[in-house]
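Quick look at what TrEMBL annotates:
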type   : residues : note
REGION : 1-26     : region 'Disordered'
DOMAIN : 103-153  : domain 'CTLH'
REPEAT : 269-303  : repeat 'WD'
REPEAT : 314-355  : repeat 'WD'
REPEAT : 499-525  : repeat 'WD'
REPEAT : 526-561  : repeat 'WD'
């Protein structure tokens, strides 16, 4: 995974002759290159598979006419008007039909009657589009007449041309108010009470373009949109794309190396005295919190060099600490004792600010409301309680809302509560309507986690599978991930990496498993722990940092593999992260 040695001089580097290089300052060459075959081979005409307007180029059925028109649109949008005109002339393919060209000029000239006549000739079939376009044109005419003080002509346009279209009646009444009210004002570029914005005619053309079918008027920057879509698809298909650093070239297909995935232990944290059950990075990526069966939790600080140091040890629980949860702004943290109490801590001082408890009933999970003003927890009596920060109970959801071994999460908009309500069922509770939806699995559920965009739920099952569910709208299963081991313990998985493009999970075989989220392919298995790996957390601010918690009482921090790069005959060790140790670029390059 390192650089390429370059000890020998290149044998194929040929310097061009002075005759071939010689040119004038105006760009014209005195002599033509000696050999045209190479240049000609680089610009072969695309093969055509049919003739006429239905000519197809390439192997994917791309129509030549559409292809040329899109290129012409790109040239014009870049300001290369002469080149665009030359393309039209040489290809014989007009950017717009002659009727559309006339229509555009009529709009720009304010020839409203002519534009309405041309509108019916430019190839639009749907009557509703013609009516909507006519309304937009006549509305522009109406406002321009008002702007020039031609009140009676504007009224005539409203009565005899706009109203008979019989569409957008509410807007017609608004237009009438400009006739009836003596206080109306039309100001170019300003809108407000008693005012209306008069659009430039060029803006009217842009609005009409969005309304028309693309075969009539090509959307702005269409070629750029297609190129960007292609780049997005290549990145999504790339198994190892995990860096936003570096430029993406159009000259080569996108490809990242395996060295983009954190797969090397860069630090081992051994300050817990027993099994480490849970860990979670803060939203800003500056802290990591871990909890253990030693009845404590630890806040670790991520230093500027990427190393973690112990900031606070949180002591106070009488039982094992089963989970932690960061506040929305990362200044406070919740810890939950196993069927015990929830404690709220100040991150800067390490002080316990509040204890949440309910008599003899144990608390089993904890999380924050998105505004940071409330705390949610699941209880052993299968209810969910919402607490104020002061420890007072605000609301309780009764019934079988949770189970003893449970997770609880809220979507970032605060609208949904997600919890395990039965051994094989996850409940999605709408906080406003109190309506409930559910995900039912065939196997017992071990744990779950919610994606950052609130669209997906990753569920870990006892049969050694991870299921990815889309929970927007109609709930559906979209992917499965297999390979890790689980038989007795709670093993947790997480989303992670750039744009959460990866899935990582702990495993009872002491390894960490990483899958590419889109393809479901297992891309890495990380060895190093000597006990079951219980929990994984991927740093949300650094896609090259991963943490794992294990029964071996340690936390491992994983980073990019170090690269041995030969520089001027000397071996140099370059670490694969951005913290002063080299920068990893996408598209396969590493420097």
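In case you wondered, yes, glycine gets a Cβ from its N, Cα and C as well.
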Tell me if the repeat 'WD' (526-561) touches the repeat 'WD' (269-303). I count contact as 3 or more CB pairs below 8 A, with pairs 6 or more residues apart. yes
Summarise the domain 'CTLH' (103-153) by DSSP state, stating how many residues are helix, strand and coil. 39 helix, 0 strand, 12 coil
Across the repeat 'WD' (526-561), what are the DSSP residue counts per state (helix, strand, coil)? 0 helix, 17 strand, 19 coil
Summarise the repeat 'WD' (499-525) as counts of helix, strand and coil residues per DSSP. 2 helix, 13 strand, 12 coil
